[in-house]
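Before any comments, here is the structure.
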Amino acid sequence: MENFRKVKTSEQDSPLPFPDLPPGVVEMKVKEGSKIRNLMGFAMARMELKGTRQIVFSGCGRAVTKTITCVEIMKRKLGGLHQVTKVHYKTLLEVWENKDPQPDGQVEKLTVHKNVPSICILLSKDPLDPNEMGYQPPEPRDGIGSLPRETCKLKGMRGQGSDRVCSRVWQCVVTEAGKG
């Protein structure tokens, strides 16, 4: 592949995996080069409008982690959002062409079909079906955002204990700030 260069990448369009979405639902397509600040600015502004009840974030390949980050930020900032997550594979088509043209002047092209992981996450202000696969209920209002800023001892960080801000994500031993 060292003599080839990628000239085009396209993904197959596929419908959202959520049936019965109302018309006008906000769809955020997260790309690898998207800036989280830009995505969140637009998404938060739309979700704060009266008529907007749901938003869908989707991303594939290297954009999956950025998609999840956007969703987690929105859940923390707005709170009370129901979530349904769907994971599947999407086919990307990459067109590569040879850097060295053939003696007859023709350019050799190669098309590669790649299956990459893809994620679609629906966030809703209204309750969703709790029996649906991938459903997550809203965080309680006294959740992560309102925890006191305590420090924790996390074992295994650079071979010794390390002070960090406490979060429910980490299973750690809570100690009073300043004590070892």
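Yeah, the Cβs are placed from backbone N, Cα and C, and that goes for glycine too.
Model, not experiment: these values are computed from the prediction.
Per TrEMBL, the features are as follows:
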type     : residues : note
COMPBIAS : 1-11     : compositional bias 'Basic and acidic residues'
REGION   : 1-21     : region 'Disordered'
DOMAIN   : 27-90    : domain 'DNA/RNA-binding protein Alba-like'
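Within the chain carrying the compositional bias 'Basic and acidic residues' (1-11), a Cβ under 8 angstroms from the stretch's Cβ atoms is held by residues 60, 90-100, 110, all 6 or more beyond its ends. DSSP states for the compositional bias 'Basic and acidic residues' (1-11), grouped as helix (H, G, I), strand (E, B) and coil, give 0 helix, 8 strand, 3 coil. Note on the domain 'DNA/RNA-binding protein Alba-like' (27-90): DSSP counts are 30 helix, 20 strand, 14 coil.
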